[in-house]
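Feature annotations, courtesy of TrEMBL:
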type	residues	note
TRANSMEM	26-51	transmembrane segment
DOMAIN	45-335	domain 'G-protein coupled receptors family 1 profile'
TRANSMEM	72-95	transmembrane segment
TRANSMEM	115-139	transmembrane segment
TRANSMEM	151-170	transmembrane segment
TRANSMEM	206-231	transmembrane segment
REGION	242-263	region 'Disordered'
TRANSMEM	276-300	transmembrane segment
TRANSMEM	312-336	transmembrane segment
Amino acid sequence: MDTYNGNATKASSSLEALDGLVSENLFWQLMTAILALDLILALVAAAANIVTIRVYKKMGFADSTNISLTALALSDLGCAITAINCVLAIFLPTIPNAPFTFEIFVTSASHPHVMFSRISALITAYIGIERYLCVWIPLKVKRIITTRRTFAAMVIIFSFSIALNLHLSVKFPIGWKFFPDRNRTLLGVLPVTDRGILTLDYVRQVLFSVILPVCTSVIAVFTAILLSLALKRNKTWRDANKALPPSSTASGRKDASLPANLSSTDSKEARAVKMVIAITAVFITSSIPSSIHMVFVFTVPEFEVNGRYSNMYALTGMAFLIADSLNCSANVIIYYKMSSKFRKSLQDIFCS
């Protein structure tokens, strides 16, 4: 009889795991490992972006690119802080007799993190367009992209994204509800049936989870390709000019000095272009896990925080935080390697 009961319990546990894809036991084993890695990477990313903001503040904001890169660092800092909040929101409910469940991380951490990651995506696309204009119309770009306009663009991006997410506390209200599996009343996400709120959230999800990621990724890819082609074209031009024989005339000496001056200018521009391409490449690569996660959210019924596949939702959601944190911390390395001004300012800060 005991054997039968044991087999029945195992069968029931297997069916439960199959029903939700991941059993509670396996869920917490995987989640513990992911949480530890997430926390370390998020702390590193937060520190890296605080350093980046301080360096660009020291460099000044006379250049519009410094403004957009500082805004990117500020958004990435928001990503890192909300990633830390996600870890805490998942970990704290595991404390014995904690009065809340991990559902609270949706309103307090998950959606704010997605918001900041979308802001970073928009700024990355803006930086790509800005750098391409510098290559395409170098003589006119200073009149088109001024420091004041760049600052205004950054303010609009932040304001638009925050305004679009203000209703989340209404869509995912936190309150007391009864959990039959625990036989306890705990803080969790209350169900919402208001059609207006649901419609508004659907519009937000389509815009924030489909349209914006697709558009920013397409812009980032195309600008990276165009910048790469421009870089190759400029290199071919420089190589062709280096091959020209020097002239012995006075005008020839003047012409002979021209390629050297242009080479110095082009070299700085080439480094700036390579830096933007590197930032874009890291952004696109790190966006893949979150894109896969959102595909499941839109295509799999009950793949949500309080649905049938809530465990898988939480696991994949926390897993793409790893990619986001890597992206947030990678930029400071790119700046240090590819920008001599950034490198010098950073060394001045830490060596002074």
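A Cβ is built for glycine as well, from the same backbone N, Cα and C atoms used for every other residue.
Owing to the predicted nature of the structure, the values given are computational and were not obtained by experimental measurement.
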Winner by Cβ pairs under 8 Å against the transmembrane segment (206-231), considering only 26-51, 151-170, 276-300, 312-336: 276-300
Contact call for the transmembrane segment (151-170) and the transmembrane segment (312-336): at least 3 Cβ pairs under 8 Å, seq gap 6+: no
Tertiary contacts of the transmembrane segment (312-336) (same chain, 6+ residues out, Cβ under 8 Å): 20-22, 27, 30-31, 34-35, 37-38, 41-42, 44-45, 48-49, 51-52, 55, 69, 72-73, 76-77, 79-80, 83, 86-87, 90, 102, 105, 110, 113, 117, 120, 275, 278-279, 282-283, 285-290, 292-293, 296-297, 303-305, 342-343, 346
PLDDT averaged over the residues of the domain 'G-protein coupled receptors family 1 profile' (45-335): 81
